[in-house]
Amino acid sequence: MQSIGTVQSFLQENQLTDYSSRDVGWITGVYNFLTMFLGIQTGPWMDVFGPKYLGPLAVMCAVPTFFILAECKTYWQFMLCLGVLGGTGNAIATTVGIAVIGKLFHRRRGLALGISLSGSSTGGIIFPLVLRQILPTWGWRWSMRSLGLIVLVAMCLGLACLSPFPRLLATTAGRNEGSSHKKRSAAMDLSAFRSTAYSLIASSIFLLEFAIFGATAILPTLVSWAGFPPESGYNMVAILNGLSSLGRILPGLAGDHFGHFNVLLYMVIFTLACTAATLTAFGSTRIEALYAFSALWGFGTGSFLSLTPVCVGKTCEAKDYGRYYGTMNFVISFALLLTMPIGGQMLESLGSTALSGLYLAVVFIGGALVYAARSVMLGNWLDFKTAI
């Protein structure tokens, strides 16, 4: 997901050159939408069955996506392959990866999630740089096949980390919780929204991820739109994801000591200030500003991705984490469905300044909702010292 904008930019300049940024954005929008939308079902499956069956199923969906993608030529083929099949595989893989960490770690959950989530930003560094080198020489087909092999190896290694540990499978499936012997359902469940704190934090994550994935995906297109070399877009995506790795680990570690809600609020303020000083002020006129934005945005929003799942975990018991996390992804899915086409349309119609203004407003409101969720959990709107 972190490097999907690279593929979107290439398709728009080559196979889908007759389509607008908004139209091409719907392909990646559907991909991101299904990645999150299907979480409302894969989350309960994870609580009941654990990763034993869901892990291999994720591999069976995700890996063939790249080999089929190599043969795609028309818009609807890209939509079905990348958007539908790829999104389904990523939905299962994402839920399994995050829910395992959320269930097993308690005292150092922020650090554990930060380290695990840095894997996606590592892929966001490697994939754009690999594509930059092999697309001009190997062409589209062999480039996609190469990515498929990389993904196959990575996902098999991930499964190998789970398979030798029966305790892990039993715990994640909720079989050793001991707190309840009630039979648990694998059907989708929206009861998480009965919690006011959960509803507020889920709403804030909706807005924050609208901005995160919208800005990240549109960045290569923005670089070309501003008249800078397309290669710069690949470099910026790699830089963004490199700093995102640090943003996921360091604030997560700080959250374990000072409170995850507290650190998340500080990072929202940091991200707002950096975006206003770089993208909003100079984004379409100075390439240096875009490089600075890529680095600062990556670090700031990386913290959102690692801290928000921990904040969700504070609203539920560990045995229900898969369901709560899946429901959160269900909410996020609608943000990701809309952010790509909206961003592309705004860039073409109003320019980069208006687009950055939209992202600033969205992040600000998201931060306000984080503060509201924190206050509801504490029962005090003026308590700024408690670590939570």
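The backbone N, Cα and C atoms fix where each Cβ goes, glycine too.
Keep in mind that TrEMBL annotations are predicted by a computer and have not been checked by a curator.
Now, the feature entries from TrEMBL:
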DOMAIN    1-378  domain 'Major facilitator superfamily (MFS) profile'
TRANSMEM  24-41  transmembrane segment
TRANSMEM  53-70  transmembrane segment
TRANSMEM  76-101  transmembrane segment
TRANSMEM  113-135  transmembrane segment
TRANSMEM  147-170  transmembrane segment
TRANSMEM  191-213  transmembrane segment
TRANSMEM  233-251  transmembrane segment
TRANSMEM  263-283  transmembrane segment
TRANSMEM  289-312  transmembrane segment
TRANSMEM  324-342  transmembrane segment
TRANSMEM  354-373  transmembrane segment
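When each of 76-101, 191-213, 289-312, 324-342, 354-373 is checked for Cβ pairs under 8 Å to the transmembrane segment (233-251), 289-312 comes out on top. With a cut-off of 8 Å between Cβ atoms, the residues of this chain six or more beyond the transmembrane segment (53-70) that come close are 42, 45-46, 78, 81-82, 85-86, 88-90, 92-93, 95-96, 140-145, 147-148, 151-152, 155-156, 158-159, 162.
The transmembrane segment (76-101) shares more Cβ pairs under 8 Å with 324-342 than with any other stretch in the list 191-213, 324-342, 354-373. By the count of Cβ pairs under 8 Å, the stretch nearest in packing to the transmembrane segment (324-342) among 191-213, 263-283, 354-373 is 191-213.
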